[in-house]
Amino acid sequence: MKLHTGERPHVCDVCGKGFTLKSLLRSHQHLHDGVRLFQCDQCGKSFHRAHALKLHQRVHTGERGYCCPYCTKSFSTRGELSRHLRVHSGEKPYKCETCGKSFNQANTLKSHMRIHTGVRPSRCETCGKCFIQKSSLMMHQKATHSVDTLACVACGIVMPCVDSLRKHLHTHADIPCTCEPCGVQLSSITKLQAHQQHHSVDRPHSCSTCGKSFTSSSYLKVHLKSHSGEKPFSCDICGHRFTQHSSLKSHQAIHTGEKPFICPTCGKGFNNAGNLSRHKRIHTGEKPYSCDTCGRRFNQGNSLKAHQQIHTGEKPYMCDKCGKSFSYLRNLKDHKCFYV
């Protein structure tokens, strides 16, 4: 009857938590005294309760008795199944009180909250930089402290950290080098560094809708059409519409087959200068787009945008058959192969 009335007469004198049965209180008190009576004979791990040990042992047996009624996935515990079902229902019960964003798991909310609190518990032992998530730290270490990233472009020597590499570059002060973004030849690394500051130009004209900034009001005016939906330039072959005349001109090359922009390295042709510029980064290794969270770099803006969903927890690509969501479109496509 206590289950129905909600009565919990057995109260823990340490934390004040109440229980319907004295046996449950006794089991709970082991949490405070540190006693772990139930040990796994497979790996030696100990638990406060027999039930917790029983659940753990499924790791060794592979038992997954809780099956999802909507897809083929199965789980070791009822709790895991319950969390998974939110993928299908779309339920997001954990809401951030600061920004209002909702999540389907408590751990995801906890990780998200660090964006607001500024807490960064995962610290890089090499450079001291701190991160919100351990996964972000691991990606940072791979992107920033890997052998490929820390190799000197002039002599190939590998340095232990970014600061050491930066200091080492001064030993090549008189070696000619090329600016990757624009192709300008410079007589030294120091002159290259000074030149590259010109690429970090002032962008005083900001979009009030998305915050993107531009060097001139005319560029901002063109950009605003992407929010208003205005597309005044129409292709007379297929009817596709565009916000800019230059975009229409590039598109029309699809119909004509014209590819006037040729890569000087491999000879591959492209229908517009932008595609050629992005392609060239394959040869130069240039990765101008950097993740503010983990430091990982990318050669395309779209790749960075997709990557950042790892940190935000956003999974915009949902399977229409089972409801499972993915951060990347390619992962959704791979997943759908199972239904073929």
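For all residues, glycine too, the Cβ spot is worked out from N, Cα and C.
No curator has checked TrEMBL annotations; they are predicted automatically.
The structure displayed is predicted, hence computed values, not measured ones.
Annotation comment: TrEMBL describes 10-37, 38-65, 66-93, 94-121, 122-150, 177-204, 205-232, 233-260, 261-288, 289-316, 317-340 as domain 'C2H2-type'.
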The domain 'C2H2-type' (66-93) in contact with the domain 'C2H2-type' (289-316), cutoff 8 A, at least 3 CB pairs, sep 6+:
no
Within the domain 'C2H2-type' (38-65) only, compute the mean pLDDT.
76
How many helix, strand and coil residues does the domain 'C2H2-type' (38-65) contain under DSSP?
12 helix, 4 strand, 12 coil
